[in-house]
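Enquirer: Sharing the features that Swiss-Prot gives for it:
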type	residues	note
ACT_SITE	His285	active site
ACT_SITE	His300	active site
ACT_SITE	Lys343	active site
DISULFID	Cys24-Cys40	disulfide bond
DISULFID	Cys38-Cys40	disulfide bond
DISULFID	Cys38-Cys51	disulfide bond
DISULFID	Cys44-Cys50	disulfide bond
DISULFID	Cys51-Cys58	disulfide bond
DISULFID	Cys90-Cys106	disulfide bond
DISULFID	Cys90-Cys94	disulfide bond
DISULFID	Cys94-Cys124	disulfide bond
DISULFID	Cys104-Cys106	disulfide bond
DISULFID	Cys104-Cys117	disulfide bond
DISULFID	Cys110-Cys116	disulfide bond
DISULFID	Cys117-Cys124	disulfide bond
DOMAIN	20-62	domain 'SMB 1'
DOMAIN	86-130	domain 'SMB 2'
DOMAIN	137-410	domain 'EndoU'
SIGNAL	1-18	signal peptide
Amino acid sequence: MRACISLVLAVLCGLAWAGKIESCASRCNEKFNRDAACQCDRRCLWHGNCCEDYEHLCTEDHKESEPLPQLEEETEEALASNLYSAPTSCQGRCYEAFDKHHQCHCNARCQEFGNCCKDFESLCSDHEVSHSSDAITKEEIQSISEKIYRADTNKAQKEDIVLNSQNCISPSETRNQVDRCPKPLFTYVNEKLFSKPTYAAFINLLNNYQRATGHGEHFSAQELAEQDAFLREIMKTAVMKELYSFLHHQNRYGSEQEFVDDLKNMWFGLYSRGNEEGDSSGFEHVFSGEVKKGKVTGFHNWIRFYLEEKEGLVDYYSHIYDGPWDSYPDVLAMQFNWDGYYKEVGSAFIGSSPEFEFALYSLCFIARPGKVCQLSLGGYPLAVRTYTWDKSTYGNGKKYIATAYIVSST
């Protein structure tokens, strides 16, 4: 496929030029500087090109980075993560990303800046290698993402999917809620794909959720077994074996069972987006989709989209981005109506296997929680944004996935 425009996020560029400016000292909130090796402007966090000292030098000096209007859940999740009392302990926070709303900090450089919580040394001294989000380099993430890309043998082939992407609009038009595409997005999908074990296990999960937040999720024994079956099937694939091998080598997990248990908690563990206890999870939000305050949130999966469109529940309106890949998986950023509720921009892989998406989102959440994660797929750069759910935790203070989605590409 060919790109019609860039996603509103700019192309992520690795500006590592020798001899260029590499610090934000006296540069906070300046305009983009093409002569600098890294940036200190308000949008560098979204572009993934901030200097290493940006968060420590600049985040106290300006207001929140301006939200990206086409991805409404970004601001929603960012606000949700701050709707709790700022903690004064490092319990469950060792080597988390810097958050200016916290009274004290537990990140890798808090000792350097003298703003650590009092229990930082006692709680975090043994966690630096295994829990620091900076322990896995950008180059390592890009390398493993290429391996995962090559390992996805369950993906759709060119002849398995016929798309009719139709009208490409500008980002300024995404809020208009105008249906510019008279025909469905999917002209044809070879449904034999859905008989593959991971696809079948994935599809079994999609009807286990109530899409409206504020209504508690209550799983039957069969539905809980379906979660285990999905994890069991994807762990048989080369995609997930590549991911586990990488994370095991990075000392993130000591055994495959520990890895699977953590995946189950971070993705399927319930938390509360609305008034009802346990009304949401990372899996429901990202893959199945939710409705909150009259808007579609999450819903970043092509299989779910196809099945709902086939039933007449999804009406495809337009797209603002069509990725550069000439085979599957590809990427599409689209506007649609889901049974009466509008999605301003929903980015999604097209034609990927369930394990492929699950692996990449998990990789980014583990390696870059709450940040932009820069990948490489078939030689093309791609970025994924994750958010942590900070209002509740599991295990020894671990955080659930709030959301994960594609934010940029070339």
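Please read every residue number as a count from 1 along the shown chain.
Cβ coordinates are placed from backbone N, Cα and C, and glycine is handled just like the others.
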Enquirer: Let me make sure I understand the structure: which of the disulfide-bonded residues listed (Cys24, Cys38, Cys40, Cys104) has the fewest other Cβ atoms within 10 A of its Cβ?
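Expert: Among the disulfide-bonded residues Cys24, Cys38, Cys40, Cys104, the sparsest Cβ neighbourhood within 10 Å belongs to Cys104.
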Enquirer: Would you mind sorting out which of Cys38, Cys50, Cys58, Cys106, Cys110 (the disulfide-bonded residues) have a C-alpha within 10 A of the one on Cys94 (disulfide bond)?
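Expert: Cys106, listed in sequence order.
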Enquirer: Of the disulfide-bonded residues Cys24, Cys51, Cys104, Cys117, which one has its Cα closest to the Cα of His300 (active site)?
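Expert: Out of the listed candidates, the nearest Cα belongs to Cys51.
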Enquirer: So which recorded positions out of Cys24, Cys90, Cys110, Cys117, His285 end up within 10 angstroms of Cys38 (disulfide bond), measuring C-alpha to C-alpha?
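Expert: Correct set: Cys24.
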Enquirer: I'd like to know which of the disulfide-bonded residues Cys51, Cys58, Cys110 sit within 10 A of Cys24 (disulfide bond) at the Cα level.
Expert: Cys51, Cys58
Enquirer: Including all protein chains shown, what's the count of other C-beta atoms within 10 A of the C-beta of His285 (active site)?
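Expert: Taking all protein chains shown, His285 (active site) has 29 Cβ neighbours within 10 Å.
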Enquirer: Looking at the recorded positions Cys51, Cys117, Lys343, which ones sit with their CA no more than 10 Å from the CA of Cys40 (disulfide bond)?
Expert: Cys51
